[in-house]
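J.: Starting off with a structure, shown below.
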Amino acid sequence: MEGEGSRVVALYDGNGAITETKKSPFSVKVGLAQMLRGGVIMDVVNADQARIAEEAGACAVMALERVPADIRAQGGVARMSDPQLIKEIKRAVTIPVMAKARIGHFVEAQILEAIGIDYVDESEVLTLADDANHINKHNFRIPFVCGCRNLGEALRRIREGAAMIRTKGEAGTGNIIEAVRHVRSVMSDIRVLRNMDDDEVFTFAKSIAAPYDLVMQTKQLGRLPVVHFAAGGVATPADAALMMQLGCDGVFVGSGVFKSGDPAKRARAIVQAVTHYSDPEILAEVSCGLGEAMVGINLSDTNVERFANRSE
């Protein structure tokens with residue numbers, strides 16, 4: 001488990017560390033994402049839920065028409081949310097508001113930027129718009145969030161301009177197993193990378209199809225060059241604390257809050273669990289009396305669609 005001091009993220013562009021006198025547009029976006037470090041980002045579908053999330057202590061909300069559990073249950077094509085809904089949620093809260101765009105759908109991202117969204121999540125939870133290309137995130141002023149299952153995928157998204165990385169997990173399932181698998185994969189590769197010499201790093205970068213300079217930066221930092229949040233299946237305070245103890249910088253919570261018996265109480269408990277993730281006594285206290293958790297999905301069922309596998 002990492003200490004708090006080791007969670008400070010250096011700012012990097014393609015040429016190395018950025019100093020105060022040399023601020024690139026990308027470094028500004030990475031800095032905005034760092035402001036969310038140590039926090040909880042909650043999915044909401046209306047202004048009332050957004051207010052509950054803010055009162056519970058969420059650092060940001062994700063504005064959606066349907067939470068991932070409903071996307072799974074209802075099927076169909078999942079697209080960017082109605083801009084009117086996003087505007088209503090923005091008016092209801094003072095914390096940052098995120099919204100999702102389909103992978104590769106740069107026009108959805110342009111619309112979200114035009115209405116003043118704070119962050120865009122290029123998300124595999126929505127139906128793919130382009131199965132070969134992600135959005136060139138350097139073309140936008142606002143920070144982007146992208147998902148990953150492993151280190152190579154994370155660094156490819158950062159090269160495209162992602163200012164925050166999250167584990168993909170399996171959103172809408174209430175099942176943490178895939179998120180744990182993905183964060184352990186990233187952390188394991190970083191531990192191995194730190195002990196490599198330069199020749200080995202070059203070969204390793206090719207093997208994971210990642211940019212060599214970003215692999216070297218990751219080796220030097222001992223972590224990803226941007227903030228790294230957990231997402232996908234976080235449903236309880238214990239789930240949230242687990243992801244923090246595994247080394248994540250914060251947590252996304254989707255269906256796990258507003259598909260539970262007492263959303264307001266569970267939201268507060270998850271925020272407290274992220275803040276006090278290394279204190280079992282506080283974790284035990286905040287886990288009591290939360291009501292029924294979301295039912296969830298057993299991922300051993302072969303009929304379950306894997307959102308995480310929708311893109312590379």
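All residue numbers here begin at 1 and follow the chain in the order shown.
Every residue gets a Cβ built from N, Cα and C, even glycine.
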J.: In Swiss-Prot, the D-ribose 5-phosphate site includes Asp43, Gly233, Gly254, Ser255. Which of Gly104, Gly161, Gly172 does it also list there?
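T.: Candidate listed by Swiss-Prot for the same site: Gly172.
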J.: Could you state the CA-to-CA distance between Gly172 (D-ribose 5-phosphate binding site) and Lys100 (active site, schiff-base intermediate with D-ribose 5-phosphate) to the nearest Å?
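T.: Counting only the Cα atoms, the answer is 15 Å.
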J.: Can you tell me how far the Cα of Lys100 (active site, schiff-base intermediate with D-ribose 5-phosphate) sits from the Cα of Asp43 (D-ribose 5-phosphate binding site), in Å?
T.: 10
J.: Reduce the DSSP letter at Ser255 (D-ribose 5-phosphate binding site) to three states and note it down.
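T.: Looking at the DSSP assignment, Ser255 (D-ribose 5-phosphate binding site) belongs to a helix.
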J.: Measure from the Cα of Arg184 (D-glyceraldehyde 3-phosphate binding site) to the Cα of every one of the binding-site residues Asp43, Gly233, Gly254, Ser255, then give the nearest.
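T.: Given the candidates Asp43, Gly233, Gly254, Ser255, the nearest one is Gly233.
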J.: Rounding to the nearest whole angstrom, report the longest C-alpha distance spanning Asp43, Gly172, Gly233, Gly254, Ser255, listed for D-ribose 5-phosphate.
T.: 12
J.: Per DSSP, to which secondary structure element type does Arg184 (D-glyceraldehyde 3-phosphate binding site) belong, with helix, strand and coil as the options?
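T.: In three-state terms, Arg184 (D-glyceraldehyde 3-phosphate binding site) counts as helix.
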